[in-house]
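Here's the structure, in structure tokens; my notes come after.
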């Protein structure tokens, strides 16, 4: 109470309760990670196959980032990581070649330590309920990022995607600089860089990674029983993400081959997955009490068995939808709960190495899972006898139709316009086709020889002219002009002409009337 100038008693304004530091940290981590994931997932509708190289680079950089943050603190290393991400998007925006674009992705993967740093920041929180809530919020950020980012990237022109990603990255850098506090006090930091880097070097070996050698050799390591439990948790985390990323990589091709999904329908399918994950993580996962995480993980992993069976064997949309629902539920629970449990292992000065090890396992699984899944479901294995189908049913749904535009020559695959506008817009099958032109050329030539043998053109005796309308004469019309594309396009994929005969030049259906 205080007395005013007129002698009246005027009450003081009520003091608003300040948010707890833990709540502030979780909020800042959520918003910063969401901005980063929006920038990162803009690339998904352009070329998801390049995420393998990004994951491999992240696998190498995550343990080093965690080791440095254990010595210098979370905040400066987070700012350095975000600056590297912003520079990678700047290189992407300024790139005029496919090699420069790949270089930008590698730079982004090396700088992608902010994800492991976010989990380390949450692991620094004192109370177990705050750590569980923080890990669930990180899962919500991933779900929202992988739901909104691809939709935003698919709806924008290709030229705008890198600039928008750069804007998100710079906003994230400024936001973290202004609002993120330091969560690792100096008295709890690692004593030197030597121990951290020595432990991080162990993470470059997959076997040492699975054994958590960096944690076992560090200061104040866990006991034998807890170390064995930590290794089992890491193995479960790796196997889960290995299967998850393999299905995620091949789901687009399965939906297109079995249900003839267009790009819009596939976008709706992934939106359904992301929305389901965000709903479950925001309602069910964040309410899991400390100590009950492993029970929730076991239930979620058991749901993966019917989910994979329904998705793999289902031939109707309701069956596919039920499988995706179970798959989304498991994805929303397993990673946040396992991260929350692993965050309780190790001393305060080892949290960065522990979470960096876990994130490196995840990056290794995301790099290996798509490779194995792609080899198991390759176009050659899925195609009928005779190679790729002539109706392009094994090609991505975004492959331009015969009426869309003239196909470029093989050399045009290296031009920036074709690279950024067409190749990046399609699925990884197109990257496979352009990187192996000789293989596709061989398939095309074999199919053409089979079709020519089926037609059985008439061969006239020596000295006699060909009939004007014979099959062989129709292939060699001297008065029909040919475009440069027809004369110099030996590496194109086989295409269907007006009469069903494949050719490597300009097919008759590409915006031109069929010849007689």
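Keep in mind that glycine also has a Cβ here, set from the backbone N, Cα and C atoms.
Caution: TrEMBL annotation is automatic and unverified by curators.
If you look up TrEMBL, you'll see 1-452 marked as domain 'Major facilitator superfamily (MFS) profile'.
According to TrEMBL, the feature transmembrane segment maps to 25-51 (among others).
Feature annotation from TrEMBL assigns transmembrane segment to 72-92 (among others).
What TrEMBL records for 135-154 (among others) is transmembrane segment.
Outside the transmembrane segment (160-180) by six or more residues, the chain places 24-25, 28-29, 31-32, 35-36, 38-40, 42-43, 46, 74-75, 78-79, 82-83, 85-86, 89-90, 92-93, 95, 121, 152-153 with a CB less than 8 A from a CB of the stretch. What TrEMBL lists as transmembrane segment is 160-180 (among others).
Look at TrEMBL and you will find 235-255 (among others) tagged as transmembrane segment.
What TrEMBL records for 267-284 (among others) is transmembrane segment.
Annotation comment: TrEMBL describes 296-314 (among others) as transmembrane segment.
Using a Cβ-Cβ cut-off under 8 Å and counting only residues 6 or more beyond its ends in the same chain, the transmembrane segment (320-345) has close neighbours at 119, 122-123, 128, 131-132, 135-136, 138-139, 142-143, 215, 222, 226, 229-230, 233-234, 236-237, 240-241, 244, 247, 255, 259, 269, 272-273, 276-278, 280-281, 284-285, 288, 290, 293-294, 296-297, 299-301, 303-304, 306-311, 314, 351, 354-355, 358, 362. Under the heading transmembrane segment, TrEMBL lists 320-345 (among others).
According to TrEMBL, the region 'Disordered' annotation covers 380-415 (among others).
Positions annotated as region 'Disordered' by TrEMBL: 445-516 (among others).
As annotated by TrEMBL, compositional bias 'Polar residues' applies to 477-488.
Of the two recorded stretches, the transmembrane segment (296-314) does not lie close to the transmembrane segment (135-154), with fewer than three CB pairs under 8 Å once pairs fewer than 6 apart in sequence are set aside. Long-range contacts of the transmembrane segment (135-154) within the same chain: residues 26, 29-30, 33-34, 36-46, 118-119, 122, 161, 164, 263, 267, 270-271, 273-275, 277-278, 281-282, 285-286, 288, 332, 335-337, 339-340, 343, each at least 6 residues beyond the stretch ends and with a Cβ under 8 Å from a Cβ of the stretch. Sequence-distant contacts of the transmembrane segment (267-284) (same chain, at least 6 residues past either end, Cβ-Cβ under 8 Å): 45, 136, 139-140, 142-144, 146-148, 150-151, 154, 251, 255, 261, 321, 324-325, 327-329, 331-333, 336.
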